[in-house]
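Only one structure is covered here, and it is reproduced in the block below.
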Amino acid sequence: MHTMDHSYTSMPEPLQCTGSMDSRELRFSRAMIFAVEEINNSSYLLPGVTLGYQVHDSCNSVPMAVKVAFQLANGLDPMFDTGEQCSGSATVTAIIGESASTPTISMLRIIGPLGIPQVSHSSTCACLSDKKQYPTFFRTIPSDQFQAAALAHLIRHFGWTWIGAVRSDSDYGNNGMAAFLQAAQEEGICVEYSEAFSLTNPLSRVQRVADVIRSSTAWVVVAFVSSWDMRILLREMDRLPSPPRQWIGSESWVTEPDMLRFGLCAGAIGFGIKRSVIPGLRDFLLDLSPQKVSNSPMLTEFWEGAFGCRLGKGVGVEEKVCDGSEDIQQLQVPYTDTSQLRVTNMVYKAVYAIAHAIHSIVCEERENSTVNCDKNLHVKQTQVLERLRRVNFSRNGYQVSFDANGDPVATYELVNWQRRESGKMKFVTVGRYDASLAPDQRLDIEKEITWVKNSTQVPVSVCSESCPPGTRKAIRKGKPVCCYDCIQCGEGEISNNTDSSDCLICPEEYWPNAERDRCILKPVEFLSFHEVLGIILTACSVGGACLAIATATIFYRHRTSAIVRANNSELSFLLLFSLTLCFLCSLTFIGRPSEWSCMLRHTAFGITFVLCISCVLGKTIVVLMAFRATLPGSNVMKWFGPPQQRLTVVSFTFVQALICTLWLVLSPPFPIKNLTTYKEKIILECDVGSAIGFWAVLGYIGLLALLCFVLAFLARKLPDNFNEAKFITFSMLIFCAVWITFIPAYVSSPGKFTVAVEIFAIITSSFWLFFLLFVPKCFIILFRPEKNTKKHLMEKTSNDIRY
């Protein structure tokens, strides 16, 4: 490599182009000349006015582009003659170019302050849309800002969220990739790596980028790279075996025919400038003869390079001299390839945009539709700049206009690299992208895409698999947002979408299904007549009531017998009636709670049990009074005869009825939906309303039971045959034990089992009272009738008294 000596003691060497000529760039310049000649021959655009031009080769070099900018700004070089004498200054009116963004930026730093408009056909850097820095810049190719958004849209469309990115280390690559990364972030796309390189970097740098691509986990690679840089990278990728990658290309290389030779990019997709047709251009490009070529240094260089011969006399003995047999029609180079006129059409449109701007200055249309142009009018660059902002015309079916940033409407073709049956690759347009449409209508896939490995299935490129409904994403610590674990939604939560970031809490009366992707109504639970527990308790309740009624029937049929008369038949019948009600009141606790059932169940239970205990208490007092009356001089039974016994029962029951009435009036029980005991179901139950009222009812029952127990205990040693005190004592003892045990069981039992515990306590205590007080008597009546006589009872009593 030649190193320049910058000692500043001598004149620097003249700048010269190195390397071979880019025939694609030559085609662009020839397309400009074709458009100029077409305009000069036009009868409607600038009639009578001849446009001149200069063509300079910047060699894709910033120093050379700067040199050309100075020459054009100063007007030092004469214009090439186009066949007629051109009048006016040699200073240019407008500039078309450059192809690359970095040389364009360098030129604009020089010509921009002078007000010289520059229209580029291929500089796509989004930075050039900044009118504060580049007020004189226009372009006929869309800005990379639109291409970056289109690429992000494309990637998101196919569900790729984990990608790699490589870019040219230039204004084109750096600014384009910056715009893409911002758009990708907005689309929720994560980038595993972002590497930059350029043609001038050491080979080790390119090798490192290739190694990163090979070792990455991202299947999709976005390459915002110039065609020159991409060739270097793909050569390096070809050098060693590389895993298949789905390439997403920028327009700079994805529609470059020369790139099709890289088979590892088969299936690549990317956005390119719309392919177009320019009538007459191919004939113009191929209309070259050795004589015409020899008049242009650029064409001469191209001709000699393409055919490997020298025009004129050879300077060396071994050099071949062009003999005129060279046929450009048979030449297969980018210059002659007009099958993909994409950027070439941008050159064509740029020339016409400038021509229309000049036309609006020097020409005016008269009433008879004739156009009169003043070819001697001096056109200022600032005038052309101003008119360029307002151009709006159509050429060959393509609209040309500029927005406030000097950019055209962004429309692209989606290009796919597909293999022919012969194995060669070809460009296939599979879709369109129009930035002027609504976001959801911009991308239109028209044909089937062939992906990497010649597959028709869309490849998958994600850091983590999608989280199904019922789960949420949990970002892995220190990783991008696209790398996450799928965590099942918590209790009471659902997610009904794929890749949910958060789970939703179900409404109060709903609960997640097993998959936790839908809220369903919680099942309603209450003690039902149809379930096993409800059936058992109902059977026990009805069975107990039937036994009590059957016993009452037996007692009634034997009401004149000694044992029935000796045990206070009136209180016995009342006790059996109250026991029947006690058994049946438990039925009010079963079934769906309602306002009436909630009020009835507790009041009915409280009143019937007090009636029952009052009867037992009355029988206990009768036993005590009866044996007190056997003592000499005792007259106590007249104070506790049948009227007093009835009054005692009614009085005790009235007190409970009064408590229940106050309870129902002030704060009655009511049905509620218990949502706290079980999260997954609703318990229908009765709220007691007033806890004081509830415990007052139970407390009063307990007080009477305790009083009955104490009196029965005092009478336990009285004569057996007349004495029920032992049975009453034992029954009250069990009754109290049942209800004392009931309290903690009632408080701790969940849901419908709370009701079941209360029913169990009612039935159990009722059965014990029934069995202890009536079963022995029924046994004697039915199976020991010989003991059911007054004589037997009196004899037993006499023996007990003597003893």
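Along the chain as shown, residues are numbered 1 onward.
Heads up, the Cβ atoms here are built off N, Cα and C, so glycines get one too.
So that you can see what the record holds, here are the features copied from TrEMBL:
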TRANSMEM  532-556  transmembrane segment
DOMAIN    533-797  domain 'G-protein coupled receptors family 3 profile'
TRANSMEM  571-591  transmembrane segment
TRANSMEM  603-627  transmembrane segment
TRANSMEM  647-666  transmembrane segment
TRANSMEM  692-715  transmembrane segment
TRANSMEM  727-747  transmembrane segment
TRANSMEM  759-783  transmembrane segment
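Most Cβ pairs within less than 8 Å of the transmembrane segment (727-747), among stretches 532-556, 571-591, 603-627, 692-715, 759-783, belong to 759-783.
The stretches the transmembrane segment (692-715) and the transmembrane segment (571-591) are not in mutual contact, being linked by fewer than three Cβ pairs under 8 Å (pairs 6 or more apart in sequence). Most Cβ pairs under 8 Å to the transmembrane segment (603-627), among the stretches 532-556, 571-591, 647-666, 759-783, belong to 571-591. At the 8 Å Cβ cutoff, the transmembrane segment (532-556) and the transmembrane segment (759-783) share at least 3 close pairs (sequence separation 6 or more) and count as touching.
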